[in-house]
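**Q** Dropping a structure here in structure tokens format, bear with me for questions.
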Amino acid sequence: MGAESNESLDVLSVFLTGIPGLESQHGWLSIPFSTMYIVAIVGNSLIMIAVQGDPVLHEPMYLFLSMLAVTEVGVSVSTLPTVMGILWFDARQIDFDGCLAQMFFIHTFSCMESGVLLAMSYDRFVAIYNPLRYTAILTLPRIICMGLGITLKSVTLMAPLPILLKQLPYCHTNVLSHSYCLHSDLIQLPCADTKLNSILGLAIVLATFGLDSLLIVVSYVLILYTVLGIASGEGRWKALNTCVSRMCAVLVYYVPMIGVSVMHRAAKHASPLVHTLMSSIYLFVPPVLNPIIYSVKTKPIRQGIFTLFSCKRK
């Protein structure tokens, strides 16, 4: 390969893209974006603190909710530096290693989020199918092991992605189509065969998001089947009501993801603005909506947050 294609990765930079067609409005757009970040980070942090500080909330369903909040904060913090850097300072350049690190954390926390949603669906299934043994099945050690397992699986699956990208030569303008680094964007940059990267990326998607979503659907079908077998109408409503917030969280997470996937394949010639907005919805909306959903639908969480503020005022 020529000298150009062997450009040192030590000096290689990647250039991010803001919101296409709205570059002159970045200052105004920073207001809703910064508001979303504040709501996402503060809202999810309050849930984590409330669950950690209130013994009443040391139950499986709330511990899983706390794990979900951790992943939401992780996703938000991973994208915040570059997104707000572009909107506030028009800082589009990022060094290659920094871009790989951001890509790794975005995908790792997203994978963890999917795994936690699966664990939460299992939690509801056990609670409804076998309520008498609920606490005996979902003990604290098992919940901790599930959390560690989700984390280890996500890190192990995502670690090869930046390593493989690091080995490839880059010999042209390295401009990404988003204001953050994603694997699907980065594999378009090398001037070499990226078939292995593409196959690995697809395998990871199928082994995580694909399998998780399938098992989540199965869990909720079994939950529905179990609920329909409850004789009391009031009992059926009560059982379903405990699943509403979790089903909302699943929809908030997977519907934008499916939308992004469909847009990427079926509407390749759509406006870049449309692709940017869809990707932004996928990454930014779940961390914003989930703490709102759980604060509204889950009374103990709402009370825990109120208690947290009342304690601070004393």
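Each Cβ is built from the backbone N, Cα and C atoms, and glycine gets one as well.
Since this is a predicted model, take the numbers as computed values, not measurements.
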**Q** Taking 147-167, 273-293 as the choices, which stretch does TrEMBL tie to transmembrane segment?
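**A** Per TrEMBL, the stretch marked transmembrane segment is 273-293.
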**Q** Looking only at the domain 'G-protein coupled receptors family 1 profile' (43-294), what is the mean pLDDT?
**A** 89
